[in-house]
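Notes to accompany the following structure.
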């Protein structure tokens, strides 16, 4: 589904990247594996059962995302780092090893496929080597005099990056309003944007003047009827339209064009300006349509145009090539909108194979991220917020230090007795959406009300389904747990939850009791009500909890 | 101290690396900064007070270590990753950003210094560019046929790496025994190893035969009286001794020699074998002497020799250059002994500037790490264990799932009353080494014994020093906390702890009372005694706790 949508979107020349969908595809495959295969499609596997727990599943999704990036950019190390920097909220050395293993396999397979394709067996598919934009030709040198333009580029890159996030947020809010009106509106929206994009692509090149082909061109000029860097468009022979060259290429080719050095006079400044503005806003409007799309490639592309523009405007007294400015512009915009640092660094390194630029790229990233952080949050946080996912921030806000846990606890709390009536369990499960219930032993069974532990909704549902009930609340039922195997309580795949409405119980059964003691987690994590919210947040987040019991001070 | 020792050790041609001491130096500087400057040397700074907490100090040390690697190898991204992969036990996105910032500054400064040195103002110091071993000459190509030798290299690299760890462990245990006998023995040991090393270095080249200089040599051959790749040793004119070329160079030059391609016939196989064995064991014996030394460079060097050896032995039908085998050999040995993956990958990438080899390097790392993991733990874990640092492993051992927290709690537990007699506090502080004490309100002040919170030894010492006591256990002392400012309780630098023995109290004062309530942490992290040990370990480790209170089930 994702794959098909991606092919359709890219081929309809919308302004989207292929990295995002590939990341999503990788994560989806990993998630299916993590669920022990999809039972719906009969793809179950005994061996995969080992991964049937939350942590391993999370790891698998992370690795899948890393593999996606590694595949999309042919940048394996960047894949590992991207997975860790953005996807994973927690870090363990085992996870690092797993992610590394995944992307290493991707790299080796990719290399083998490229080797096969080199022998000309796959047509246009798989052109190019392991390095996508190999633009180093010779030694890159730079001096103190180059710093002012680079710093200027970084500062404005940060501003543009945070503006990108701001506009994206606004546009996505608008889209959300439209999308909620129904499927027809959603398709209409996508069609409208698609038509507008096409109009831009075909209309804007008319603005640019024809340029004569350079005499020492490395490839055919103009290129007609095939992929190439010099598009003829409506120009006479031996002329090319530089704006059409930018618009009518694949994203990869355009980026390569912009990155290559020694091409300072190939593009006119107005063409670059028009292309920059067009791709900046097309990128914003194309994202968030009802189709799989990524942000990475559009931002790189827009950044490359931005960098060239800055290079043309203020790079005249520096010794840097405009191609290098384009690379730095990409870094600045990535740093400004995504706010990733290490992985962007490695992506740029792996894309351009230019290690000598590393100090400049790092400098640009630091500046643009700092500038952009002053304005708003990074694009992933904005998206998570917008989509309304229940995502818990890693660090505590200052106001949380002033609040105690008891200030944010909301009721009503539903608790169960150690030996509880079936009818009451069913009522409470139907009435609330809670996923965990404290089990409290009340006075008849203990001297004072005593917290016994925490029982999960999913486990209660398994209990109710098995119908191992006891007749009275005082009967002993120590053998109830023998009827259950660990398999019964194993976590199901997503989308396959039991529902309380699906369980049918007779009136007689509703009057019976069930002993919750054997099925209760007797040592849940607890905090006292006076603990500061910030401290509880750290506990919740670092240990990766789902339920945290708050105890009164005088228990 | 560290810096001086490092210079002395490297100049005495011991077989050690400069990376380790640089990492240590970086971490030390960071630690001093983290303590708000060293009061001893009057280097205090108001602004540094902000970092006076455990977490920021830990971050600073991590960043310092990263900066050390970045400086030693001129590999900034690898510095970030090294810091995260080995030094840091926890991962936060803020830490990533801080580490990145540090190494980026290092990279920019380094680049500027190299620029200055290029103009010939620093003599031999700072030779070479940002890439240490720039050995790519042209396009590297490899095919399926190259895989068997590479895989063989990786497997044996893993075995050798784990053997390296094994021998290192044994040798360090031996050294520990000797070192404990006193300062003289320690110096004698260092001298012995140093003399043996020198004997090896000067004796072994006699074994190698003289070789005629290659006709198309890129540099002077033989090189006399200056640094160069062709050492004359005792050979006639226009001849060189290949073993001496390996031994009598700086580590960097030797690695560059071994890595360079097109030199398949420059070294004889016996020379490489002798050099490999010598550097393997010299590396093991040199580490752990009473001087600052690293493991990184010796392992890279040994690995390079190992790779060349394998390349000479079984690489005859493959198309790979022996220089590439040397690079892969370094990766295999690093993977086998340090067990780092991503950072080794990036180090190799940044050292050799050869992106096309990445899939091969990743493959080698995966295999060698997997092989070596089957035998023993990584070298850092061994060292931590050997030095007896109280380091808590990140993952729980299987047996911990069977134990509950109550099984490992040891007594006697010392608790204080909410209002406690000064004499008793002094006695307990003197009698025990505990750093945290639970404060329990006993029946006169509450109905049942009730846990109020946790008070720290350091805070108690501040209280005792200030002598804000009250006369009786029933007197109210609500204004006691007004006499203290947060500054008083700020964490001191290491090595400047208050000691209970230094506080002098009169007999009268010992009979007085102190109200602990305002100075107690009222919401410490607690667990019930029935919690499994594995679960408590995760809590302790993930939240980074120092004290964890264990409550009885029926509180």
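Glycine residues also receive a Cβ, built from the backbone N, Cα and C atoms like all the rest.
Quick look at what TrEMBL lists:
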TRANSMEM  B:60-83  transmembrane segment
TRANSMEM  B:95-114  transmembrane segment
TRANSMEM  B:147-167  transmembrane segment
TRANSMEM  B:187-208  transmembrane segment
TRANSMEM  B:267-289  transmembrane segment
TRANSMEM  B:295-314  transmembrane segment
TRANSMEM  B:326-349  transmembrane segment
TRANSMEM  B:355-375  transmembrane segment
For the transmembrane segment (B:147-167), find every same-chain residue at least 6 residues outside the stretch whose CB is under 8 Å from a CB in it, and list them.
280-281, 283-284, 299, 302-303, 306-307, 310-311, 314-315, 318, 320, 325, 328-329, 331-338, 360, 363-372, 374-379, 382
Pairs 6 or more apart in sequence, C-beta under 8 angstroms, 3 or more of them: is that satisfied by the transmembrane segment (B:60-83) and the transmembrane segment (B:355-375)?
no
Where else in the chain does the transmembrane segment (B:326-349) make close Cβ contacts, counting only residues six or more beyond its ends and a cut-off under 8 Å?
73, 75, 77-78, 81-82, 84-86, 135, 150, 153-154, 156-162, 164-165, 255, 258-259, 295-296, 299-311, 355, 357-358, 360-362, 364-369, 371-373, 378-380
Residues outside the transmembrane segment (B:355-375) whose C-beta sits under 8 Å from one of its C-beta atoms, at least 6 past its ends, are 139-140, 142, 150-151, 153-155, 157-159, 161-163, 165-166, 324, 327-328, 331-337, 339, 341, 344-345, 348-349
